[in-house]
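S.K.: Let me give you the structure first, and then I'll get to my questions.
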Amino acid sequence: MNELTRTFFNSSVHDTDPLIAQALDDERARQKNQIELIASENIVSQAVLDALGHEMTNKTLEGYPGNRFHGGGQFVDVVEQAAIDRAKQLFNCGYANVQPHSGTQANLAVFFLLVKPGDRILSLDLAAGGHLSHGMKGNLSGRWFEAHNYNVDPQNEVINYDEMERIAEEVKPKLLITGGSAYPRELDFARMAQIAKKVGAFFMVDMAHIAGLVAGGAHPSPFPHADIVTCTTTKTLRGPRGGLILTNNEEWYKKLQTAVFPGVQGSLHSNVLAAKAICLGEALRPEFRDYVAQVVKNAKVLAETLTSRGIRIVSGGTDTHIVLLDLSSKGLNGKQAEDALARANITSNKNPIPNDSPRPAEWVGMRLGVSAATTRGMKEDEFRKLGNVVADLLEAESAGNGPEAAEKAKVTVRELTEAFPVYAH
């Protein structure tokens, strides 16, 4: 082995790329020392990290187990088949495609399968908690299809199923979509399936945010009501970045294989498939049900604590991991609130709420999520404490005393992160 080869195979990132090494070290420290309250984030297990950094990342493959376009894929076949089998068992469905690189890629594959350019789709309005890949104009789905929206009731901010039915009868969509990125309430899949059937639409559920809750029995399953289901393996599933597509329709499944490859993707990410299989296996264990039950308890406590401090919670509470705040009564916008929490080492994100401004700079909403902090082991007492810290920070920001309050809050955050640490390294 010559020196160049020896260096290539044996040098760490700290040896070869100080800039990136420093960024990686800084990110590790950030995750260790900050409390993550972004609803779309979680913390993966060490086993998932092991898979993501494995040599399997070197293997290029196209096709499916037993039917590949490249040789040497026998061990990737093992992990992909395990991921398929575990997904089917976890979500009690007949067929699973585990190759999508993301939830949006999974959605695109379903569109490729079920609808044609110009067809009508009906989905939850983005400001009401929907997702950009469900027909937003800035997304390909909004350019390819004639997108229409249903909304939440202006009084209780919960999906108005009667109004959804009225719109569906008027629009006659080819595809009815539910799910999104900021809807905190339980979804009535049975009612929506009835609406879809009544108007002759396919019914698709994007459960990216609630997949872990469904898997652990903390939210009703979209099966047997949905025709097809997509999700991510991140968020409440605590896995790597990637997507899944699930169905009970054998004919669709066969067509779905080609919709994913070569329809919207090329080669698969072999190491990510291994990580997906691991996280799905973790979700099949009894302790995962305990985890998601705690997630919902923690979210409810956080919402109740913030409400008791005079902060309005959209829809009056939550049934999931998401708590959506209306900051207008505090005279703040979402970015100001996000910055106020960030100064105290709490990460969050601004978010639109129902009937919010279309301009992100003017959004008055903030989305909080409890999944990552629950993974660290925090329970109700910690979330009462966190809720009061968040309320203190928002009140101080509104009064012009944000930086001073942040210094005090940092002490509590440090106590919590030290009491509930992450990885040993």
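Heads up, the Cβ atoms here are built off N, Cα and C, so glycines get one too.
Worth saying up front: this structure is predicted, and the values here are computed from it rather than measured.
So Swiss-Prot lists the following for this protein:
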| type | residues | note |
| --- | --- | --- |
| BINDING | Leu126, Gly130, His131, Leu132, Glu251 | (6S)-5,6,7,8-tetrahydrofolate binding site |
| MOD_RES | Lys235 | N6-(pyridoxal phosphate)lysine |
| SITE | Thr234 | site 'Plays an important role in substrate specificity' |
S.K.: Select one residue from Leu126, Leu132: among these binding-site residues, choose the one with the most other Cβ atoms within 10 Å of its Cβ.
M.R.: Leu126
S.K.: Under a three-state reduction of DSSP output, how is Lys235 (N6-(pyridoxal phosphate)lysine) classified: helix, strand, or coil?
M.R.: helix
S.K.: What residues, ordered by sequence, lie under 8 A Cβ-to-Cβ from Thr234 (site 'Plays an important role in substrate specificity') and sit at least six positions away in the same chain?
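M.R.: Same-chain residues close to Thr234 (site 'Plays an important role in substrate specificity') (Cβ under 8 Å, separated by 6 or more) are Ser40, Glu41, Asn42, Pro240, Arg241, Gly242.
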S.K.: So among the recorded positions His131, Lys235, who's got the most Cβ atoms within 10 Å?
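M.R.: That would be Lys235, with the most Cβ atoms nearby.
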S.K.: Max Cα-Cα distance in Å among Leu126, Gly130, His131, Leu132, Glu251, the residues listed as binding (6S)-5,6,7,8-tetrahydrofolate?
M.R.: 32
S.K.: Using CB atoms and a 10 A radius, I'd like the single residue among the binding-site residues Gly130, Glu251 with the highest neighbour count.
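M.R.: Per the Cβ count within 10 Å, the most buried is Gly130.
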